[in-house]
Amino acid sequence: MTIPSNRPRVGVLALQGDVREHLAALGDAGADAVPVRRADELATVDALVIPGGESTTMDKLARAFGLWEPLRARLAAGMPAFGSCAGMIMLAARVVDAAPGQETLGVLDITVRRNAFGRQVDSFEADIPLTGLDGGPLRAVFIRAPWVEETGPDVEVLGRVPSGRHAGRIVAVRQGAVLATAFHPELTADRRLHAFFVAMVAAQARV
C-alpha cells in the first residue's frame, strides 16, 4: 500500500495497553503518531487508535482523565478510529459478558463477546486474510481476545478466522471511518494494517 505524501496526525490513547508498539507501527506507516492522555491532546489529532489492554480499566481511566465525553464527541463528529482487542470492545455498541457498569463508545454497530477465545493461556496466532489488504494473509496475535457475534447492516466484515475450532469467527470489521480488530497487529513487524488505517485517515481528510 502506498503511504500518503501528507502525514496525518494520529493519536494513540495512552492510558493502558500497547501504546509504544502502536506509536512505532503508525510512524512506520507514515503517520505523525502521538500519545493522547488529555482532552487538549485529543483535540490536536486527525484520528485515534485505541490499543489493546483491559477494556474496563481503560473505560475507568478515560473517565478519570476527563477524556470520555470528548472522545464520544469526536467520534460522533466522524473522527476516524482504529481499535485493537480491548479497543474493539470500547468502540462496539453491544458487549456480551460485559463487566458490571461497563460502558462503551458505541460507534460500531456490532456485538462483541469479551475474552471469547479464552484466557491468557489460550493465546494464539493465526494467518488472517483481510479484505482490502494486499500481500496475502496477516499474521494475527490473539491475547484474551474478543470476537464479533453480530454485525449491523452498515458494517463490513474484513476478516474471519480461516480454520480450526474457531473457524468463521469475525475478527476484523470496518464501519465508515472506524476500523477494529480482535487481534493485536502492533505486535508483529507487518505494518500493512496500520498503513491501511493511515490511508483511511488521509482519504477522510480529503473529503
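Here, residue 1 is simply the first one shown, and the rest follow in order.
Each Cβ is built from the backbone N, Cα and C atoms, and glycine gets one as well.
Long-range neighbours of Cys85 (active site, nucleophile) (same chain, six or more residues apart, CB within less than 8 Å of its CB): Pro51, Gly52, Gly53, Ile143, Arg144, Ala145, Pro146, Thr181, Ala182, Phe183, His184. As annotated by Swiss-Prot, active site, nucleophile applies to Cys85.
Sequence annotations record features per position, and here Swiss-Prot assigns active site, charge relay system to His184 (among others) based on sequence analysis. Following the DSSP three-state reduction, the secondary structure of His184 (active site, charge relay system) is coil.
The active site, charge relay system annotation in Swiss-Prot covers Glu186 (among others), and the record cites sequence analysis as its basis. Sequence-distant contacts of Glu186 (active site, charge relay system), defined by Cβ-Cβ distance under 8 angstroms and a gap of at least six in the same chain, are Asp18, Glu21, His22, Ala24, Ala25, Pro51, Gly52, Ser84, His194.
In the three-state DSSP scheme, Arg114 (L-glutamine binding site) is classed as coil. Taken from Swiss-Prot, the feature L-glutamine binding site applies to Gly53, Glu54, Ser55, Arg114, Ile143, Arg144.
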Residue among the recorded positions Gly53, Glu54, Ser55, Arg114, His184 whose Cβ has the most other Cβ atoms within 10 Å: Ser55
